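Q: Annotation comment: Swiss-Prot describes 99-119, 167-187, 217-237, 262-282 as transmembrane segment. Residues annotated as repeat 'TPR 1' in Swiss-Prot: 346-379. Annotation comment: Swiss-Prot describes 380-413 as repeat 'TPR 2'. What Swiss-Prot lists as repeat 'TPR 3' is 425-458. Under the heading repeat 'TPR 4', Swiss-Prot lists 467-500.
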Amino acid sequence: MAVWRSCLRASSSRHRLSSLFFSHHLKPSSFISHSPPLFSPSPSPSPTCFSPLHRLLSSGPEFPIGSQEIIPTDDSSLPVLAVVDFLEGFHEFTGLPWWMIIASSTVAVRLALLPLLILQLKKLKTISELLPKLPMPIPETPTLKGSIDQFSHFLKESRAIGCPSFLWFFPYLSVQLPCFFLLMASIRKMSLDGHPGFDSGGVLWFQNLSDLPGGSFGPVFPILIATFHYINIQISFDTSTIRQTTGLTGLLMRYYKLYLEILSVPLFFVGYAIPQGSLVYWVTNSSVNIFQQLSLKHPTVGAKLGLLSQGATPGMGHSMEISESVIKYVDSDSKEQTLSLQTLTPEELLSLSVQVLSKGDKETSIQLLRLALEKDPGYVRGLVLMGQALLQKTQLSEATEYLELAISKLLDEDPSDAEDVELLMLASQWAGAAYVQQGKLKSGIIHLERVAKLREPGDPKSKEHYFEALLLLSSALYKEGQSDEAAKILRVVVDHNPAYKPLLEQCEDENELVSDLVSRRKDHF
């Protein structure tokens, strides 16, 4: 008991001395800028007289801790503190106001990440050029084993032709997102902690960077955040790309774009709950993103950086306007040129049509093809491409007319070179597909059997077209009740791509069932 009393007396005397020291030497304002941590450490249960070293370390050299003796802690992570120190040093070095420090630091970070973005875009350009030469990564009728085999075959073929790794879709995003949130967290900490100079570091309506948006100009930042987000979505998901993407992928893209557009509404309200210092950073980052996207999409910039696809000219492929019989485009010197469509050859018109069709503009593509065929009605490549364009628009009857005409011309000339054989294969495949879609299975089978009689091509892309035609032929034969013939064709397809083995098994099982029924009827009679 005597020991405990002496400890308590010592603690009480120290309490009075420390209180006297703080009342004379420390102003109340010195505690305002140091807000307590959200989760304070629990006080030690041991008496203070048993921990003199702890008190010495916790008090610090200049500001001894008072009666509560709580160790000052900072719940911020080391990266956040490092960014805060860097921004403070940049501010002291330049003497610029804080809003300019935040904005310029944002621009500097985005410029530092730009080389990585350009490298990623170049890799993705190479992937997009090689992807049409590769087989599908997932079979049309996926099963676990079939999907694994098909994907392994896809990876093997991609390595064989030198296709970059598909991990190149992620590097920029995996670096940019952490940088965005790190800067956001650092500036938010400075705003909430009342960092020196933040109370007068703004300009115009946002003088105090630590305050939340308010007053008559309060909606400005939230509106800018929501608007810039919406604009970024429209630039990223351009309408022609979404229109061109069909099937499940196109549907998912459309719904994902809609989801991101709807996010603009909650982002507007989120803007009211963020300090104005953080809002300066967010708005600057969004505006830089808009400028960066528009710049990289510009044909001249794309050509300088080597981001344009091979064979695509900046003017004709990316910045082009067609009105009546005139085409306006930007040439390699970034000068706007006007050209009459009547002066172009059928080959040039077809090249333009292919580029327009790749953007999803089927109407303009068909318009150019009609003009090319007016100049040369026997232009076989133009006839085949016209049939394909009309087939995409589901104008099946007109598509078959052009494809039949192309096939007859090719057969009359007895195609021997590789280009004519490929045209015959494509025209026959698309004509067969058009007839099958119209329910004219017999007419479709005639054209598809013509493809089956051709020699298997060596080019990977042509080979995929060849086996797609065989698969379509087996489907038509199966629907016509010729399951034996369908199974023969499917065996050839499965030898090329094992992912279609379940279809073959289904076809063979039905053949066995039919044979069993026939034998039973013979036994009955």
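Any Cβ shown, glycine's included, is placed from N, Cα and C.
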Q: In this predicted model, what is the average pLDDT of the repeat 'TPR 4' (467-500)?
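A: On average, pLDDT over the repeat 'TPR 4' (467-500) sits at 81.
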Q: Do any residues of this chain, six or more beyond the ends of the transmembrane segment (167-187), have a C-beta under 8 angstroms from a C-beta of it, and if so which?
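A: That would be 79-80, 83-84, 87, 102, 105-106, 109, 113, 116-117, 119-120, 123-124, 127, 275, 277-278, 280-282, 285.
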Q: Checking distant contacts: for the repeat 'TPR 2' (380-413), what same-chain residues at least six beyond its ends satisfy Cβ-Cβ under 8 A?
A: 346, 349-350, 353-354, 357, 362, 365-366, 369-370, 372-373, 420, 423-424, 426-428, 430-431, 433-435, 437-438, 447
Q: DSSP on the repeat 'TPR 3' (425-458): how many residues come out helix, how many strand, how many coil?
A: 26 helix, 0 strand, 8 coil
